[in-house]
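Accompanying notes for the structure given below.
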Number of protein chains: 2
Amino acid sequence: MSNYYSQEIHGPYQLINIGNLNLYEGGVIEECFLAISTFGKLNSEKSNAILIPTWYSGTSKIMLDAYIGEGRALDPDKYFIIIVNQIGNGLSISPSNAPEKIHGKKFPKIRICDDVDAQHKLLKEHFKINQLELVVGGSMGAQQTFEWSVRYPDFVKRAAPIAGTAKNSEHDFVFTDTLIEAITSDPAYQSGDYENSKQVSIGLERHAKLWTVMGWSTEFFRAARHQSLGFKDIHDFIANFMIPYFSEMDPNNLLTMAYKWQRADVSLNTEGDLLSALRKIKAKTYVMPISHDMFFTCQDCLAEQKSIKNSQLKVLDSIDGHLGLFGTDSKMMEQLDLYLKDLLLEI
Amino acid sequence: MSNYYSQEIHGPYQLINIGNLNLYEGGVIEECFLAISTFGKLNSEKSNAILIPTWYSGTSKIMLDAYIGEGRALDPDKYFIIIVNQIGNGLSISPSNAPEKIHGKKFPKIRICDDVDAQHKLLKEHFKINQLELVVGGSMGAQQTFEWSVRYPDFVKRAAPIAGTAKNSEHDFVFTDTLIEAITSDPAYQSGDYENSKQVSIGLERHAKLWTVMGWSTEFFRAARHQSLGFKDIHDFIANFMIPYFSEMDPNNLLTMAYKWQRADVSLNTEGDLLSALRKIKAKTYVMPISHDMFFTCQDCLAEQKSIKNSQLKVLDSIDGHLGLFGTDSKMMEQLDLYLKDLLLEI
């Protein structure tokens, strides 16, 4: 396992073996393990649990640092908060840490519903939890949140998908393709047979540059938000923030997540009928796009939200765009906390 | 010269030798030639000329097909319309058609002001024109339009920069970097020493995919505009429209234009002071962003327009985004014609 994914950097986290996981595209992951971090205490009725799945490239660490805290909506004094790392992120089972049989490029294709099934097993069998107060996550975490609400409608009392959609758009599929190709086009990637991430640094740098273009917003750079974050100009921002952020991540891990991201689609539960899928949702749902998100746009989120019964659209205002998810805009994070506190009131 | 740039496909056009062109970054293009197409008749006072520069990858052909016509704003019955191909586009002097000494990768670095100087020479020396009724262009054509207005303020009575800015943004610089790297990262590009465009097809395909993501808009695909244009889905649209569009273009030509595009900046005329540069503009100016443009955004255009004395912001409404410039949205083209007709009224 690469040192980047160590407990020193991303922990503490526990590894929970959930046994065999049958996969949507066929095959099975034997002795599948999920890396989780928990905060607060599960009450005796097991009725105060909140689940937080992670986004592309993210781990439990950023969710703890940016989203959880005493007095905040996600308050460990009130709730038992489980942050679950998505499969492929380098902490839960992933190309970089899987047993030899499915290591690296031999890792199977995973879908969002596989993550949700794995998490469902974790909650039922490991924690004996039968219902969640809330599922909340950003980006691919939102994709998992929607999948939870459709696949296990009685399990989810409340849902807060942030900056993500229930069915990925064609436009977003192609954006993700460009991210994938930035990596795979590096000759050093060698169809996944590289020895370490450093070898694929040129591909990872192109990947970071694409994230710079689509991850924030045109307005973010015009308003010199990158300068107010401490960087001289956009080139300094790329060289000393965007590239270092991604450079130590394992390419096969990123590609495993990208594949899932592209194909996120709750209508796989209803034979391709998106409306039927969204109508299955029982959770009180706040759909929360970020105003300046360039790929999970407000319009795309609104189009789905309208079909979810007990839902409201709560736009988070920030020129930081999609990567405002990092918590860079304190005002947006305050707005998010207000919405989440409101959502968590008695139903 | 590749057959793609032939008169059969892009003509008819004339090649005008404007003599030596001194370049902003140093050096000179000897016997520089510009490819132009003209429509209508220059009146005896030489007071009815309109100049149309071209955008990245575009030639005079698309400007004729989508923008000019009897009864339209750009009416050859009223005006003498000169469409001038930008340097590097494959029709005017370019890496692909230059003499051996500066052929291919040996072609010098060109800036927007070099194009404008070349066009100024063309108008003064070849046509003996001293003033233009209007300069109008989209994208890099808008960059040239702004440069014209700042560099030769008495020459330009009216200006209509569409979907472009006077000073390129940092964000757009990086987007263009990703286009450049899509091509140059193809091992077959060989630092510009490839034999023909087909060899660099993988790089050109990645370049086309990036254009798919940023060139239209998320809303364009959500509204299935690509389907209404006759394509089954986004993949069909990429394979049978976006990739074929770019696939025959010469990579060194594209890179010559991309370099110019990135560095477009009217403040090079005023020692880096953008406000001073914009205040030099005397032309009656309609700044015309496209509502859903993902990289030359309305906000960026508005920020500049506010500093131009005799100007108005005229937003073109279209979910087709930047590539609405192709004329795909007939309602937007009608709106454009109304604005241009209004602009062309007596001052």
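Cβ coordinates are placed from backbone N, Cα and C, and glycine is handled just like the others.
Heads up, TrEMBL stuff is auto-annotated, nobody curated it.
Quick caveat, the model's predicted, so the values are computed rather than measured.
Among the features that TrEMBL reports, active site, nucleophile is placed at B:Ser139. Under the DSSP three-state reduction, B:Ser139 (active site, nucleophile) is assigned to coil, being neither helix nor strand.
Annotated active site per TrEMBL: B:Asp293 (among others), in sequence order. Counting every protein chain shown, the Cβ of B:Asp293 (active site) has 29 other Cβ atoms within 10 Å.
DSSP assigns B:His322 (active site) to a helical segment in the three-state reduction. Per TrEMBL, the feature active site maps to B:His322 (among others).
The domain 'AB hydrolase-1' annotation in TrEMBL covers B:64-315.
Per-residue confidence over the domain 'AB hydrolase-1' (B:64-315) averages 98 (mean pLDDT, predicted model). A Cα-Cα distance of 5 Å separates B:His322 (active site) from B:Asp293 (active site). With respect to their backbone Cα atoms, B:Asp293 (active site) and B:Ser139 (active site, nucleophile) stand 10 Å from each other. Long-range Cβ contacts of B:Ser139 (active site, nucleophile) within its own chain (separation 6+, distance under 8 Å): B:Trp55, B:Tyr56, B:Gly58, B:Ile162, B:Ala163, B:Gly164, B:Phe296, B:His322, B:Leu325.
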